[in-house]
Amino acid sequence: MSQLPLRAQLASALGRTAATLSRATGRGDGSVIGGRVGLMLEPDLLRKLAADRKLVLVSATNGKTTTTRLITSALQEFGDVATNAFGANMPAGHVSALASNKDAPYGVLEVDEKYLPEVLDTTDAGILCLMNLSRDQMDRAAEIWLLAQKWRRALAGRPVHVIANCDDPLVTWGASTAARVTWVAAGQRWREDSWCCPECGGPLDRSGFGNGGQGLTAAQMADTNWACRECTFRRPEPNWVLDGEYVTDPRGQHWRLDIQLPGQANRANAAMALAVAETLGLDPARALPRLRTVTSVAGRYTTVERDGRSLRLLLAKNPAGWLEAFDVADPALPIILSVNAQGPDGRDTSWLWDVDYRILRGRPVLVTGERRLDLALRLTVAGVPFQLCDSFEQAVGLLAPGKIDVIANYTAFQQIRAEFGRAV
Ligand SMILES: [Zn+2]
């Protein structure tokens, strides 16, 4: 990339120094503090660092970190890629990611949903990947509708190529003001936030289109199809279709994903990554082997070992995330659930009532975390037998050596990972 102006160079260098100091003093990976220092010295730093790169932004309620990782992995086929691998997904984290890899011709940045219009405006990114929108912690449907509306405004009239999941009505609505959209039928497991048409408020039908399905393709006939009963808003014809293990590309060619990350949600992330990669000229034959090299994602899916027990940690920070984690968890294994309610988790745990826990019946369930009593009450009402544990350590000790699944929300996950050591 071209040389940064002197002031931006200085800001970027000082930001890196701050990040190094932050790491050295044990205050995390330093990406946020480094970026903040840089932005303080040069408010226009993100714009300058983003210039002259091929930049992809990735946003969604769930799966941002994983999809960012998958796209990065694919684009490394072309060369160096700057990315915020540790989920620091606001502008300070973006500055840090780009400053730490100034010469990389590609950048892939995970972006917090709320910051997307601002980051799009600042970076002028050419490609945007949008996957799903659902209530997060205490955010309710009305708030995510406002979020989608902000996306629409930010995309209107902008020369960005959007790759969006057309199985999510709200994402479709949010993306549809963009001049150019590639639609990916990537599935939608959590539907509680999309009963209403975002355009007119009418009911969304998921099947039975009233015309007997005439003129619809097989993909459109799948149960992921949707249409508003009262206006013309409906699912666009997908360019890419995910069906179980297989992805069909725009030429009709089928690709078996065979990725190492578990569950349907990750297959959806991989389908999005393939579509993004192709937009940049990388076909699935070259992208797929790279997606298959991703085995764990920092802070999302990881396995830790202790005393003969192999603990697979799954992050679930909102109702849609719990459904994804249930899909991955092995029904034959015991499972530990850990819920906290600190700042990053949201203090209010009433969202636990949005999750259907009955799927856990029949396997040993252990409950821990700061808000274990909230979860215990929820499980009691759902008729799921469980054992209450004072600590995560105690829960692990109660289980025999072997494989164990763990589902934890944000700070609970971080605590377990810190205590049991990073094994990414
Ligand atoms: Zn409508």
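Glycine too: its Cβ is placed from the backbone N, Cα and C atoms.
Curation plays no part in TrEMBL annotations; they are all automatic predictions.
Taken from TrEMBL, the feature active site applies to Asp348. What TrEMBL lists as Zn(2+) binding site is Cys197, Cys200, Cys228, Cys231. Taken from TrEMBL, the feature domain 'Mur ligase central' covers 61-169.
Counting Cβ atoms from all protein chains shown, Cys228 (Zn(2+) binding site) has 20 others lying within 10 Å of its own Cβ.
For the domain 'Mur ligase central' (61-169), the DSSP-based tally of helix, strand and coil residues reads 48 helix, 17 strand, 44 coil. For ligand 1, the neighbouring recorded positions among Cys197, Cys231, Asp348 are Cys197, Cys231, by Cβ distance under 6 Å. Around Cys231 (Zn(2+) binding site), taking its Cβ as the centre, 12 other Cβ atoms fall within 10 Å, counting all chains. In the structure as shown, the Cβ atom of Asp348 (active site) sits within 10 Å of 11 other Cβ atoms. Across the residues of the domain 'Mur ligase central' (61-169), the predicted structure has a mean pLDDT of 92. DSSP gives Cys228 (Zn(2+) binding site) a strand state. Cβ proximity to the Zn(2+) site centre (mean Cβ of Cys197, Cys200, Cys228, Cys231, cutoff 8 Å) flags the following additional same-chain residues: Pro198, Glu199, Gly201, Gly202, Leu204, Arg229, Glu230, Thr232, Phe233.
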